[in-house]
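Only one structure is covered here, and it is reproduced in the block below.
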Amino acid sequence: MTDFNAIDLDEGTSKGSPSPEKRDAEVQQLAKQYTQQSASSIYGQNPFCADAGSALDPNGDNFSARAWCKAMLQLQTEDDKAHPPRTLGVAFGNLNVHGFGSDTDYQKSVGNVWLQALGLLRKALPGQRQRKIDILHGLDGLVEAGEMLVVLGPPGSGCSTFLKTIAGETHGFYIDKASHLNYQGATAKHIANDFRGEAIYTAEVDVHFPRLTVGDTLFFAARARAPRHIPGGVTINEYAAHMRDVIMAMFGISHTRDTIIGNDFVRGVSGGERKRVTIAEASLSMAPLQCWDNSTRGLDSANAIEFCKTLRMQADINNTTACVSLYQAPQAAYDNFDKVLVLYKGRQIYFGPTATAKQYFLDMGFECPDRQTDADFLTSMTSPKERVVRPGSEHQVPHTPDEFAARWKDSTERARLLGAIEAYNAKFSDGQQLDKFRQSRRAQQAKIQRVSSPYTLSYTQQIQLCLWRGWLRLKADPSITISSLFGNSIVALILGSMFYDLNGDTSSFFQRGALLFFAVLINALGCGLEMLTLYAQRGIVEKHARYALYHPSSEAFASMLMDLPYKILNTIIFNLILYFMTNLRREAGAFFFFLFVNFILTLTMSMFFRSIASLTRTLVQALPAAAIFILGLTMYTGFAIPTDYMLGWAKWIRFINPINFGFESLMVNEFHNRDFPCVNFVPSGLGYADIGSGNQVCSTVGSVAGQGFVNGDAYVESLYDYTNSHKWRNVGIIFVFMIGLMFVYLAATELILEKRSKGEILVFRHGHSALTGKSHDDEEDAGGRTVAMAEKTESDDLAIIERQTAIVQWKDVCYDIKVGKENRRILDHIDGWVKPGTLTALMGVSGAGKTTLLDALATRTTMGVISGEILVDGKQRDESFQRKTGYAQQQDLHLSTSTVREALTFSAVLRQPAHVPRQEKVDYVTEVIKLLDMTEYADAVIGVPGEGLNVEQRKRLTIGVELAARPALLLFLDEPTSGLDSQTSWSILDLLDKLKKNGQAILCTIHQPSAMLFQRFDRLLFLKSGGQTVYFGDVGENSHILIDYFVRNGGRPCPPAANPAEWMLEVIGAAPGSHTDIDWFSTWRKSPEYARVQEHLQELKLERSQLTDLARTESGQKRQNKADYREFAAPFYEQLCEVQYRVFQQLWRSPMYIYSKTVLCSSSALFVGFSLFRSPNSIQGCQNQLFSIFMLLTIFGQLIQQIMPHFVAQRDLYEVRERPAKTYSWKAFMVSNILVELPWNSLMSLIMFLCWYYPVGLYRNAEPTDAVTLRGAQMWLFIWAFLLFSSTFAHFMIAAFDSAENAGNMGNLLYILCLLFCGVLATPDQFPGFWIFMYRVSPFTYLVSGMLGVGLANTHVTCAANEYLHFDPVNGSTCAEYMEAYRTTMGGYVLNGDATSDCSFCPMDDTNAYLATVSANYGDVWRNFGIMWVYIVFNAVAACALYWWVRVPKGKKEAVETGAGAEAQKKTQNGSA
């Protein structure tokens, strides 16, 4: 396995620490000579055919990236067919970038979101202009091919915008027309369109398919950019595999090749390794111009330096150009760059060689403190608090950004730069270089690819590659596919058994129609969950499109093809079971037509749902739209509302409904040219035994008097207006829909991008604004500190910090987890302690187990076995330990809708001891805000990255949330400076120093400390790979104690100017390119320092244990206050009140969620109501009113799909941050989330009632009974119960599942069963005996029965013209006389009672008779309502029970734990930092 630490980027020569003194000098010299000779002998070799173990073998330990690059370049140069290498420099002049909007925004809520709509309307009016916000002001610069530019500036200074502009990604902002960009003769338009993948921007976030392995992810990227002709005689797949191996070796991730990448919720590689995968993927684009935005975030300093060295090597050998923003740049990283750009609030204050940048500001009157890196010094110019002014120069130096920019514009350095830019523009003004660039690009592209296309592969090649990746993704995670197949098979079996062996007579007519209706719906609408999958991958696909790896539409087309086998298999299994179990038409042609129509309907509706997902930008937008369309497609299929009953205003819907055409074809396929014996004649029974056939008629629609059968064609034509001549015509129409929707889907994937953030803006609640302690001008006028200034005095705010006395110690701590069948040790016998008033650093390479150790000490592991001894004041930890410690996690996880003050107050109220008055807790929060300098944005909304708090503000809030809890024991911080610039990191350490001086005990992991930052720590716990201790002890002034230990044990001396934090990594062989033969773990265990640690641990244990026992003895009791030892500080009632208030507040501030629910409920109700507007009380009219209820229930699936993703987001926050901190219990979390839906569902039920009940006209049925008000109230209660049931059912489903998709599959299965067995599609007497229990347990049975009873009971029925049965009475009788006996027994009425021929008989005279046919009774209304509440309560209780059983960790943390909740944990799973 190739390790990142073993990669040699400098021709195989070692830059690591020397061997111990005992090593023979001659052996070193011989080894050096051998390495040089082997390096010089490989340049003529083919790198694809390198000898195993040579410097060109990426899978060997001797791999040299520099040697490989040179050999590859030589191979390309010697091959005439290879594309000539491309280079791309850039010159920019007067670069101005602006956006539109405001520096601050207000938070949208349910109450004020309409103000935004009014604002948008006002902006659309003529003469109204948006406010212009300048982002970059007049930048000039030149980065030639083969040069590297480092961009420095604090967050918000415009670094990201500059890099995006250079890479041609200008979404959301605009470049002024007067700006000039020259890419060696190409314009910005050329770069953005024709050469998109030649200039790439890599963001600092890591977005990948989590289930794919690292090797497959990088092979895909290499294959997508593989040139047409490959030198060296290898195939394109061999080329891609080799490039993958090389790039993995370069970035030290070869050992992760077969490990899935993972993400925050799926276990995979460590965070640092995932960052390197992102870097490697971008590098494989082979772009000649690369823009890297803080890509070293999450890497330790050694790997950050190695990243910069790799870019340097690529620039030297391949002439690539790199622009890199770095927030924390070690000196060794900074020295790799040629030029530096310093930005100060969007203004350029320096551009030029890195070697002279420092001197430029020194000459201006500033001073650089000792051991401060050049990059930190340059960035400090943008911070009035950090820049140091030389005594006597206070009035000469610039103070504000504008003054710095003006000083730059008047400088000789800028004049030289402008001259260089002018020469560059003149050099590339004739277009020759652009033509050469285009020719080189063309030589790399596939032959059939368009010349102007930014993509390398042809469209068909892209589809093939995406198909391969789709297959890998399916293999890696087949759970959704398998669960869908399983679920549909179960539904087919249930549906088949429900309609088992239908009779071949007229008694099965309605059942056959209902069966075909439900079958076509399940086939057509089963693809609805594809929307969730598409949204999950959208960000990844768009990133790859920016890298010009493939068209988004090619991935879309490939995913369609990839789903085909599943769709074919699903169609065959489902329809085969259904068709033959139910005794549908037993003819081969009819069966295969049935199969074929359902298959093309599945494909068509798949395109439909994919189109909705691609045309919308968020899932919240997509779900209501999908719900309305599904409702329309279902209602206008022709079964729920026959054609003759469709109202004129909506009749056109059936012509754009592919399901309508499919249903018609299936109905005529089943009924055409078949005669069905009649089983029910009118009149019949006692007194009618001897009448002739002409005196009675079959009771089925389409019958003819005197015939003992009903013709199938007559039936479907009379009832549905269907004809057999439309059978194949409809198939053609469905095909047209499928092709049309497919093109809509493919076009939408190319044209409509995912919603992106607006940029970093503060968001306040409406009516609130920023508070500033002092004016902006005052801050800038301060100009910086002087050398003579005394260190500023500590704030009185320190007095508020809880002074600690307890000592936390640990000895022989080990942590083992099970990987497969083997146990893997993550932590290996670690010792240490943290005392009050000390700041201890926990350091080590990525994967050394730093975060795992924090989790183990803080009792936050969710799996594995912890052994060893962890004590607090000599005693074992109790249940209250977790809430008495503060743990600031690396990920800044907060509720996005809360304000800063609210987040701090929530933590304080629930985590501080219960005996502290609430007002005192609130006052304490105000003091914490002052201490953390958050007053300016204390009332700002946290938001999401980009729209809300910036990185620094989030980090301060993360620390503040823990301080607000007043941790009594210890403060853990995991990477508090990760992603921050050096000045902000310094301010965070200032804060930690304040806390330390007031007695706070702090243990802090840190990745990239500068020498000055490192010096601020008192003690160091240093780990190596495998979780083994290398050193634990004091750091000492100028790190002399630490340095002395390593030098004394064989390490090379530390140069005076070196950063000890980087030097010690090199000494232990953990830095890339370094090597050591010393086993530093064994050295530590044998050292006198280790012995002293063991002695002191024993002393601490005895001393602190005795003091604790003495204190307890003096108090006269073992536990003075039981509340101090409880698991949670606040009692359950207080937890529930606080959490309930916050959850309700969150929904109020999530208007998209509430209004999407409102739109779904209101529009669905209106659509159903007006589609069946004032439905008459005919037989079919009663059926329509029944189906209006049934159709209203079909939004159930969309209701639960809205709730489940929302719940998952809340659960992740709770399980990752709030549950481990013991902020509140899982019971409060579950109950609050269930109860918060109640008021909104109450409101929705009222809206649904008004929008549906009155348009359908059900109130008219209550008028004859004088109970209009009562029955209206009863109907509202049932709708209310339906929405409450939907909400609690959604929580019941998602409680145990990790993803909304899997919960949705299970929910859909149960939902379909509820619909099947509710008595609408088949009455209870038609069920096989086995299934009658399902009718009784289906909640929809009581819902439909109750609503139908309330809506239809106790009124008259008047038959429609086609519902009257026509026959002649016996001779000598009137129609009334002839039907009297039958009517008395069976009901009904005669329209023309006095007639003696052609009697018109309606078989039903009141709605109660109709209710009896569907087993509904108005007398059961209150019983049914009560049963619905039983189901609601059951759902809520079951949701809580399931959550406890599956996701709540149980037992001691020191024992083997369940993996419940592990998917939500962001840390510890991998045992990596």
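The backbone N, Cα and C atoms fix where each Cβ goes, and this holds for glycine too.
Per Swiss-Prot, the features are as follows:
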type: BINDING; residues: Gly844, Val845, Ser846, Gly847, Ala848, Gly849, Lys850, Thr851; note: ATP binding site
type: DOMAIN; residues: 115-370; note: domain 'ABC transporter 1'
type: DOMAIN; residues: 808-1050; note: domain 'ABC transporter 2'
type: CARBOHYD; residues: Asn62; note: N-linked glycosylation site
type: CARBOHYD; residues: Asn294; note: N-linked glycosylation site
type: CARBOHYD; residues: Asn319; note: N-linked glycosylation site
type: CARBOHYD; residues: Asn1371; note: N-linked glycosylation site
type: CARBOHYD; residues: Asn1470; note: N-linked glycosylation site
type: REGION; residues: 1-27; note: region 'Disordered'
type: TRANSMEM; residues: 480-500; note: transmembrane segment
type: TRANSMEM; residues: 514-534; note: transmembrane segment
type: TRANSMEM; residues: 560-580; note: transmembrane segment
type: TRANSMEM; residues: 589-609; note: transmembrane segment
type: TRANSMEM; residues: 622-642; note: transmembrane segment
type: TRANSMEM; residues: 733-753; note: transmembrane segment
type: TRANSMEM; residues: 1153-1173; note: transmembrane segment
type: TRANSMEM; residues: 1189-1209; note: transmembrane segment
type: TRANSMEM; residues: 1234-1254; note: transmembrane segment
type: TRANSMEM; residues: 1277-1297; note: transmembrane segment
type: TRANSMEM; residues: 1312-1332; note: transmembrane segment
type: TRANSMEM; residues: 1425-1445; note: transmembrane segment
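Everything Swiss-Prot records as a feature, shown here on the structure.
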{"residue": "Asn62", "record": "N-linked glycosylation site", "CB count, 10 Å": "18"}
{"residue": "Asn294", "record": "N-linked glycosylation site", "CB count, 10 Å": "24"}
{"residue": "Gly844", "record": "ATP binding site", "CB count, 10 Å": "26"}
{"residue": "Val845", "record": "ATP binding site", "CB count, 10 Å": "27"}
{"residue": "Ser846", "record": "ATP binding site", "CB count, 10 Å": "25"}
{"residue": "Gly847", "record": "ATP binding site", "CB count, 10 Å": "25"}
{"residue": "Ala848", "record": "ATP binding site", "CB count, 10 Å": "28"}
{"residue": "Lys850", "record": "ATP binding site", "CB count, 10 Å": "28"}
{"residue": "Thr851", "record": "ATP binding site", "CB count, 10 Å": "25"}
{"residue": "Asn1371", "record": "N-linked glycosylation site", "CB count, 10 Å": "9"}
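Taken as a whole, the domain 'ABC transporter 1' (115-370) shows an average pLDDT of 88 in this prediction. Under the DSSP three-state reduction, Gly844 (ATP binding site) is assigned to strand.
Of all the glycosylation sites listed here (Asn62, Asn294, Asn319, Asn1371), Asn294 has the Cα closest to the Cα of Ser846 (ATP binding site). Following the DSSP three-state reduction, the secondary structure of Lys850 (ATP binding site) is helix.
Scored on C-beta pairs under 8 angstroms, the neighbour of the transmembrane segment (1312-1332) with the top count among 514-534, 733-753, 1234-1254, 1277-1297, 1425-1445 is 514-534. Only residues 6 or more beyond the boundaries of the transmembrane segment (589-609), in the same chain, are considered here, and those with a CB under 8 A from a CB of the stretch are 519-520, 523-528, 530-531, 560, 563, 567-568, 570-572, 575-576, 579, 626, 629, 658-659, 662, 665-666, 669-670, 727, 731, 734-735, 737-738, 741-742, 744-745. When the glycosylation sites Asn62, Asn319, Asn1371 are screened for a C-alpha within 10 angstroms of the C-alpha of Thr851 (ATP binding site), no residue qualifies. Separation of the C-alpha atoms of Gly847 (ATP binding site) and Asn62 (N-linked glycosylation site): 23 Å, rounded to the nearest whole number.
Counting C-beta pairs under 8 angstroms (sequence separation of 6 or more), the transmembrane segment (1153-1173) fails to reach the transmembrane segment (514-534), with fewer than 3 such pairs.
Closest in space to Asn319 (N-linked glycosylation site), of the binding-site residues given as Gly844, Val845, Ala848, Gly849, is Val845, taking the CA atom of each residue.
Sequence-distant neighbours of the transmembrane segment (1234-1254) (same chain, 6+ residues past either end, Cβ-Cβ under 8 Å): 1140, 1143-1144, 1147, 1154, 1157-1158, 1161-1162, 1164-1166, 1168-1169, 1188, 1192, 1203, 1272, 1275-1276, 1279-1280, 1282-1284, 1286-1288, 1291, 1436, 1439-1440.
Listed as Cβ neighbours of the transmembrane segment (622-642) (distance under 8 Å, sequence separation of 6 or more from its ends, same chain) are residues 513-514, 516-517, 520-521, 524-525, 528, 531, 535, 608-609, 612-613, 616, 650, 653-654, 657-660, 663-664, 667, 719-722, 1156, 1159-1160, 1163-1164, 1167-1168, 1171-1172, 1180, 1184, 1187, 1190-1191, 1194-1195, 1198, 1201-1202. Distant neighbours of the transmembrane segment (560-580): 463, 467, 470-471, 474, 481, 484-485, 488-489, 491-493, 495-496, 515, 519, 522-523, 526, 530, 591, 594-595, 598-599, 602-603, 606-607, 610, 742; these residues of the same chain sit at least 6 beyond its ends, with a Cβ under 8 Å from one of its Cβ atoms. The Cβ neighbour count for Asn319 (N-linked glycosylation site), using a 10 Å radius and every protein chain shown, is 18. Closest by Cα distance to Lys850 (ATP binding site), from the glycosylation sites Asn62, Asn294, Asn1371, is Asn294.
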